[in-house]
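Taken from TrEMBL, the feature region 'Disordered' covers 1-30. Feature annotation from TrEMBL assigns transmembrane segment to 58-78, 84-104, 116-137, 143-164, 185-205, 217-237, 298-316, 346-367, 379-397, 647-669, 675-697.
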Amino acid sequence: MNPFQKNESKETLFSPVSTEEVPPQPLSLPKKPPPKICGSNYPLSIAFIVVNEFCERFSYYGMKAVLTLYFLYFLHWNEDTSTSIYHAFSSLCYFTPILGAAIADSWLGKFKTIIYLSLVYVLGHVVKSLGALPILGGQMVHTVLSLVGLSLIALGTGGIKPCVAAFGGDQFEEKHAEERTRYFSVFYLSINAGSLISTFITPMLRGDVQCFGEDCYALAFGVPGLLMVIALVVFAMGSKIYRKPPPEGNIVSQVVKCIWFAISNRFNNRSGDIPKRQHWLDWAAEKYPKQLIMDVKALTRVLFLYIPLPMFWALLDQQGSRWTLQATRMNGNLGVFVLQPDQMQVLNPLLVLIFIPLFDLVIYRLVSKCGINFSSLRKMAVGMILASLAFAVAAAVELKINRMTPPQPGPQEIFLQVLNLADDEVKVTVLGDENNTLLEESLRSFQKMPHYAQLHLKTKSQDFHFYLKYHNLSVYTKHSVKEKNWYSLILREDGKNISSMMVKDEENKTANGMTTVRFINTLHKEVNISLTTDIFLSVGEDYGVSAYITVQSGEYAAVHCRTEDKDFLLNMGLLDFGATYLFVITNNTSQDPQAWKMKDTPANKLSIAWQLPQYALVTAGEVMFSVTGLEFSYSQAPSSMKSVLQAAWLLTVAVGNIIVLVVAQFSGLVQWAEFILFSCLLLVVCLIFSIMGYYYVPIKPEDLQKPADKQILHTQGNVINLETKKTKL
């Protein structure tokens, strides 16, 4: 409720009023008492609001869980661009709550704001899902639809964020304050429940279901969209029993105008003849009431402590971007089940539900019994340190992954392997532009080089000459290559002759941390292969080469294949997690065709469980920082400034995501070094915050409730003087 009453004298315009002093609003409130839940004091209307919040959070976090991999593997952006767009979207989601609060408080009211912006939210999901359909347009169409859909989702989720919780609180009468407190606990439980379930389910919809021969991102985005439709329908169903307070003015704009007037008034009165005032906000006294100025003074003290906070959010929100990308290069096979890379994010809401009671009921009490004054600001500083340690652990894991991962070709460099599919030995010599020998290898029939050879180019693209010696034949051929790519030179027998073809291994690095396979068909007939019930592909006749297909790891002992005149089974054996395989389908006169199996890149050896310590540390830091920070901030700000404080808190999250965006685009650091950079930056910010907190003197709650004309806080050491006196002009 807006604490400022309208249409009164200037002296009392901004005086706090209680709900009893406000005349009843018969047009906005039900004429009869609202129905209760099972005879309790809980309004039935909150059931609709809690279910709405559960579905909306399922929708948001489910869509966001697969977003980074969608950018990387569907839109084919690089890791830095994927990270930047992910955090740009997250930042926008925390800027738009200011717009939503302004619309609700000044124009439409909370109920209509939630309804209208939920429609925008649903439209965003529809556009986003359409952008994930491979058959709908090309790369540009997918990109445009994705960005438009994300913009609409950001407007929808951010716009309703400050309205839903407050609207639920509006359903309670003042005499049921205890029930309202318990409602907020259930409300936040629904948030974490929606996040927990969706973060586990949507990666399964993406990876376990195949659409058009690849991961089903359209389904992974469509199901959260359906949940948002359910959220809107459920919320609208309770329309007739809601208490709907009318809009009463935007306190955020009042605060901004007060601060701006004080600054401009002070600037316009720079003359030395004009008496100085005790506080810079006292220069707003000519236009704004004393109570508002006092409340803004208390608010600015808290906002000053908010300056270092964005760096913490910059680290916390990388769970869905950089840490998910790290998980794609790890082994998700935990024995009992296989964990998708984007499913690791489920640890955060799960650990939050565990850590909050653990810290409140056990750790904080033990610390208190030890005689340690563990104040709110100290808890926040410790939370920063834990998040910094989490990124140090992430850097160590990244270094361990790098030691197990094959090197990648750099500028003016390619990796080349030679595969001999002829019936006898072939000697291969690779010649440069000046006929200098770059590589020489003799390969027996159905043999390939033990590893890729690293070849250097003189320019970004270059022609290589190949000299092939087969029996008594000598064949010269030429192939063009481009830097930073992997290639396979396939030698094949053509009657009594020998020929070669160059194949670009575009996806040699496995996608999504999944097992990747491709086929070469040496038969004279096209082969149709059914890898699973959802994955089908066709390989052309006479050395046709298929595209890469991602499949689940596991045993593939009998894969059904079909030519135009017969069916047969291929034994592909065990496909290890994260490895890349090449299968050559060959003819066997006495039996059915068989598959010759080769492993191009090794499997991921480092278990994804190594990410558990960094998730535990960052979640513990989140519990100590975020929960404590909100509680501290609310206790230090006047009741009239709570909405402003909420907007400022959300803005720190938005700025934190912008920091990640800038670092990802312009740092140019390798990943482990970037993790170390963030860890060190947060430590420096933690030191600054600790110094600021050391000189901060908390205000007692009873002081915030005193009337403005009696509130006197005398100067003690470094305490800010908030004594107010009437200023003579």
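Cβ from N, Cα, C; glycine included.
If you look at the transmembrane segment (298-316) against the transmembrane segment (675-697), you find at least three C-beta pairs under 8 angstroms, all six or more positions apart, and that counts as contact. Within the chain, the transmembrane segment (346-367) has long-range Cβ neighbours (under 8 A, six or more residues past its boundaries) at 61, 192, 195-196, 199-200, 319, 374, 612, 615-616, 618-620, 622-624, 627. The transmembrane segment (185-205) makes no contact with the transmembrane segment (116-137): fewer than 3 of their CB pairs lie within 8 A, with pairs spaced 6 or more apart in sequence. Counting Cβ pairs closer than 8 Å to the transmembrane segment (84-104), the top stretch among 58-78, 143-164, 379-397, 675-697 is 143-164.
When Cβ-Cβ distances under 8 Å to the transmembrane segment (143-164) are tallied for each of 58-78, 217-237, 379-397, 647-669, 675-697, the top count falls to 58-78. Segment contact holds for the transmembrane segment (217-237) and the transmembrane segment (58-78), given three or more CB pairs below 8 angstroms at sequence separation of 6 or more. For the transmembrane segment (675-697), the residues of the chain that approach it from at least six positions outside its boundaries are 301, 304-305, 307-309, 311-312, 314-315, 318, 322, 377-378, 380-381, 384-385, 387-389, 391-392, 394-395, 398, 663, 667, 669, 716, 718-720, judged by C-beta separation under 8 angstroms.
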